[in-house]
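These features come from TrEMBL:
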- C:Arg48, C:Lys54: NADP(+) binding site (BINDING)
- C:Arg131, C:Gln132, C:Ser133, C:Asn243, C:Ala244, C:Gly287, C:Lys302, C:Pro303, C:Thr304, C:Ser305, C:Ser306, C:Arg328: FMN binding site (BINDING)
Number of protein chains: 4
Amino acid sequence: MSHNSFGHLFRVTTWGESHGPALGCVVDGCPPGIALTEAEIQQWLEKRRPGQGKFVTQRQEPDAVRILSGVFSDERTDGQVTTGTPISLMIENVDQRSRDYSEIATAFRPGHADYAYFAKYGVRDYRGGGRQSARETAARVAAGAIARKVIPGVTIRGAVVQIGPHAVAPERMDWDQTLQNPFWCPDAEMVPVWEEHLEKIRKAGSSTGAIVAVEALGVPAGWGAPVYAKLDAELAGAMMSINAAKGVEIGSGFAAAALSGEENADEMRAGNDGPTFLSNQAGGILGGISTGQPVTARVAFKPTSSILTLRRSLNEAGEEIELRTKGRHDPCVGIRAVPVVEAMAACVLADAFLRHRGQTGGGAFAPGQHRRT
Amino acid sequence: MSHNSFGHLFRVTTWGESHGPALGCVVDGCPPGIALTEAEIQQWLEKRRPGQGKFVTQRQEPDAVRILSGVFSDERTDGQVTTGTPISLMIENVDQRSRDYSEIATAFRPGHADYAYFAKYGVRDYRGGGRQSARETAARVAAGAIARKVIPGVTIRGAVVQIGPHAVAPERMDWDQTLQNPFWCPDAEMVPVWEEHLEKIRKAGSSTGAIVAVEALGVPAGWGAPVYAKLDAELAGAMMSINAAKGVEIGSGFAAAALSGEENADEMRAGNDGPTFLSNQAGGILGGISTGQPVTARVAFKPTSSILTLRRSLNEAGEEIELRTKGRHDPCVGIRAVPVVEAMAACVLADAFLRHRGQTGGGAFAPGQHRRT
Amino acid sequence: MSHNSFGHLFRVTTWGESHGPALGCVVDGCPPGIALTEAEIQQWLEKRRPGQGKFVTQRQEPDAVRILSGVFSDERTDGQVTTGTPISLMIENVDQRSRDYSEIATAFRPGHADYAYFAKYGVRDYRGGGRQSARETAARVAAGAIARKVIPGVTIRGAVVQIGPHAVAPERMDWDQTLQNPFWCPDAEMVPVWEEHLEKIRKAGSSTGAIVAVEALGVPAGWGAPVYAKLDAELAGAMMSINAAKGVEIGSGFAAAALSGEENADEMRAGNDGPTFLSNQAGGILGGISTGQPVTARVAFKPTSSILTLRRSLNEAGEEIELRTKGRHDPCVGIRAVPVVEAMAACVLADAFLRHRGQTGGGAFAPGQHRRT
Amino acid sequence: MSHNSFGHLFRVTTWGESHGPALGCVVDGCPPGIALTEAEIQQWLEKRRPGQGKFVTQRQEPDAVRILSGVFSDERTDGQVTTGTPISLMIENVDQRSRDYSEIATAFRPGHADYAYFAKYGVRDYRGGGRQSARETAARVAAGAIARKVIPGVTIRGAVVQIGPHAVAPERMDWDQTLQNPFWCPDAEMVPVWEEHLEKIRKAGSSTGAIVAVEALGVPAGWGAPVYAKLDAELAGAMMSINAAKGVEIGSGFAAAALSGEENADEMRAGNDGPTFLSNQAGGILGGISTGQPVTARVAFKPTSSILTLRRSLNEAGEEIELRTKGRHDPCVGIRAVPVVEAMAACVLADAFLRHRGQTGGGAFAPGQHRRT
């Protein structure tokens, strides 16, 4: 029940503030014998790293990850492998510019967690957002890199499907496009629209929300569990724990409210490799358990609260103030959230896989198979 | 990490299938000295109980709850009170009509969890849906009744705000209306619209989805915790664990994607009883911690999968079949979900309260208060 | 982190007081497809049942267990099997004689948990000890019966090895004897000694402590995990949670303090079925992980606090009193603890097995095997 | 259910191997506003640090701890304080002499965890014991330093009470002596006896076991909880998780087996500050809940397995070998365990305090107080 841990058999504990000496995580429960190097983790951090375009924060962090424990190599291991013991990862904070924080030290920035932290703890590290900083998500991405190696048959990919009012039409989704532009945009024609929109927002010192879609291909039937460990319940909790997330949906999600039962019930036919579903309104999960279809989810992100417009607020003394949040920031945090959403999906799935293997041995029963006695 | 438990200090474990002798739950961690009778729990079960209208399932269950442990009374306790030890609740299944289940014993009903359970476990109790039955939610409602007593200053209320394509406009929300009609509808003018819509669906043997809104009034600032125990993350996980839930949003939710930073950042002014927020896009939660505003969420429910239309599917032998799901069922499961959504909110909040009290002593720092050293 | 649950993947939650309508447990995480009937559980409860001799409490409880959920049978399952969903077990309290509890209602019996419960909760069910009653252990024995079926290759057996000052010499241990006398005594010559000793104690209205030994045969190498999930750490926690337990030791235990390193380090030789150890000071566990040797532990139980001698104490009003605890009771609770110790060992081992299978796939590497990459 | 975490509201996760770049821990759930500096933690590490005498390992590690997160200071905090967010502690391994490990790289040292780790994981970091190294306990001591600050009214102190066959008589216990000699010995007359004994063992390249006693003064009544979160059960699990621990007892422990009920039931009288107990056989815990008396426990440690005598064993290839464990080592690991035992007690008590505060508000009911309704 740690507040800063998630997962069960594959369990991740993150720590660190934006302006402390470092941040990191401990990954406990990773199976042994998995090849793992810092470079493999680093590649996913690069994907997340800020400073890659003018529409994301200009903070320049190398985000170099170090593996401090849990791996080993000798002449017999064929490279460095996990040992089954906890993997400690650390990323030093090297870009802690000695800014002047006096303006926000006692101010509650509207839409930020400043006031909530103060109300709860009576003390807070206000520098760069402290523990509420999106920098914490670097540790998630690093953990997610390990999770992916626990479930090598699963491919997890994310995309931004809406920025402000501009949504990608489902029929325009082309996953190959997501790596061709700085927005993880799956629709080439949408790229210039978003570019223009974000440029306008950036110049105005404003910000905008976004929606991120994620899907996991190759998840076999049987992962997840009733009732409170439903795969979709765990995905929902994990996604909503990401900074700025305000909504999560699985499969058809909120649109399901307007569907009829006929539309919603994914029909099945016999296929060569097990059942074939004729649609995927369920998002690959029924009764909390994976069905073998792609697992699909969408996550809504609010606009970042750091804007240049003067906003009314209070300070710690209870006085009414007006403030604007200066300095580097993201006009659209949703863009940077893509690798984080992917990482959380990877961690949830790795954990579900290990638990499924624990409780049942790990296989899936296919129609036609005999049941156990 | 039980699959059938949720919560931490206020922890609920449910058990039971639709057609076993009984179902129930164990509530562990309830504080001592709280007055609690079966009648108090029963009133919330009545609210949930099927058979209250023609648009919900006609199954007639008295759903009489028994308290089997965790309470005590003598001449000094002024009525029956909790003792701090686990409270075991049981509801007998009295309406297990001896139906013929042979038709669905080996069939996977499309949209149901039948196939997923089979794939995972290789065996399943198919009678009435077994563990996947919505009857499990009776235990949640009973646990929620106890949770409400743990946080007596908090009022939790739910409403259906959309059925099929017919959504209640935000400006039409009138919470007093929800108890005046069989749909928990907060808009009197919408009632006949839904009635007509549901009647049509019922006659067609079809079903429809819905959206449920819930809000908690009186939650003080400071409940919840970073990072993976965020109050919104726990609400999201709890709501998505309800049968047929496909989406969860907090505050402005998915609509936040289209907002600007100016619109989204709830401004603050000094009030007589602490800070006053000028809007509540955040849904009462910032950084995962409550702010003192109403906590608001919405949950999307898919149409029930039990419909009279023939649908294509498979059976356990892997053969292609067509089936319709006969018998009593809900044309709109979202209606019956209202008390369940309320109960889950109550349990999450009671748990957050106890943990907040554990880690910090339970108070909230108000602007102007001195911080601790 | 429930207070009334233990285990992780195989998780048991118990509930119930001595004088409530019933007590029971929920076993969550039991693998599917395991044959399980009430009769199989009942046989272990019979072993525990009081009223089987004049040296254990005369309370006459049939302790009939009911399975309320989690099992299923149809024509294809070859008998009733587990489904992987939570198994709820209930035992009704039928022997709640309407005693007069007025004498102890407000008194703190010395050595009992009365005062501690009062100090913590401010209210307590004093009838028959309430939640502190040894009746709670009936639920553990029932859960243990299921645990044994999860690890069919493991044999768990317990014995009383000391009562009062009379200890069985290690070289006199004969496990076959334990079922031949009412004391689980593994030494036929010790039986009359204990009999005489207990008779004297019983007549005096006094009580005596005891030591119970338990061993698990057939545990393969690899179960358990570093560091805080060590198999011996989990056994220690589980055993110390039994009523009246005051000490736990693994292998040579406290005697290890006086051993030399040469005596203590169990040497190994190659055997036909893997390594052969030349001694077992370690009690089958090294570094918290099983080695393939028998897992051995011993648990010390204090004398029951219910004695007929007048003892000085306080009542709830803070007044000094003297009281004796009348009514049926055990002169030696350690005797009845044997099946409980066995059950706890079974639950810990079943849980360790499932987690080992989850994290590693479940096998054990034997010397000579290639390591993974 | 992390394997490398313990505690619930005050939760510690340790990581690191003996010969990796560093080791450390994350302390999650520490209350906010507690003054905390590296120097305060360091003082406890110094107490544990090897290289302080010829009877403990000669490994020279500065064991300098760094706080990487979870604290903050500005002009208003009156020094550095905790913020309520996770506290990450790191200790670099600076004394990793580039030894030749080829001799033990494939050998299973008898009495060590080498074989068990290999059997479980198929791969292991054999350098210096890897994760099984007692260096892991440095992280526990660091966490314990924080735990002590969570419960400032509680004093925790440990002593060695037996080395080899030489036990300190209870009536000779003088806690003030423990800081006057390198053995934590509470009996000045025993010091030269142990000195001679250890010198003989050291010269012989052998080792010996020991027993450590610990007590916590100032624990109020009410901490701990039935049934599986009993304070004694949690202490037992925590102590048994320490390297080389083989036994744990609370209060009179194993000696309770030979006591009569009259001797064992601690009588109570009214005192000025609440109840006065006339003895403390219970070790300050009844029914798993603290009584206000000193909490007392004893832990048995086996002799270290690293000895210079040739012992028979196997290697990873399954071949029979003979080996001796060269290099620095402790002739008596029990001596160094004292600060670790203290630290584990501190962590268990801090966690119990926070949970007690969470569930009940944290107070204790004294005789004469009115109960709640």
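Quick reminder: no glycine exception, Cβ is built from N, Cα and C everywhere.
Features recorded in TrEMBL, as mapped to the structure shown.
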| residue | record | Cβ neighbours (10 Å) |
| --- | --- | --- |
| C:Arg131 | FMN binding site | 29 |
| C:Ser133 | FMN binding site | 20 |
| C:Ala244 | FMN binding site | 24 |
| C:Lys302 | FMN binding site | 31 |
| C:Thr304 | FMN binding site | 27 |
| C:Ser306 | FMN binding site | 23 |
Candidates from C:Arg131, C:Ser133, C:Ala244, C:Thr304, C:Ser306 close to chain B, where binding-site residues are judged by Cβ under 8 Å: C:Arg131
C:Arg131 (FMN binding site) in three-state DSSP notation: helix
Against chain D, in sequence order - binding-site residues C:Arg131, C:Ser133, C:Lys302, C:Thr304 with Cβ under 8 Å: C:Arg131, C:Lys302, C:Thr304
For C:Thr304 (FMN binding site): DSSP state (helix, strand, coil): coil
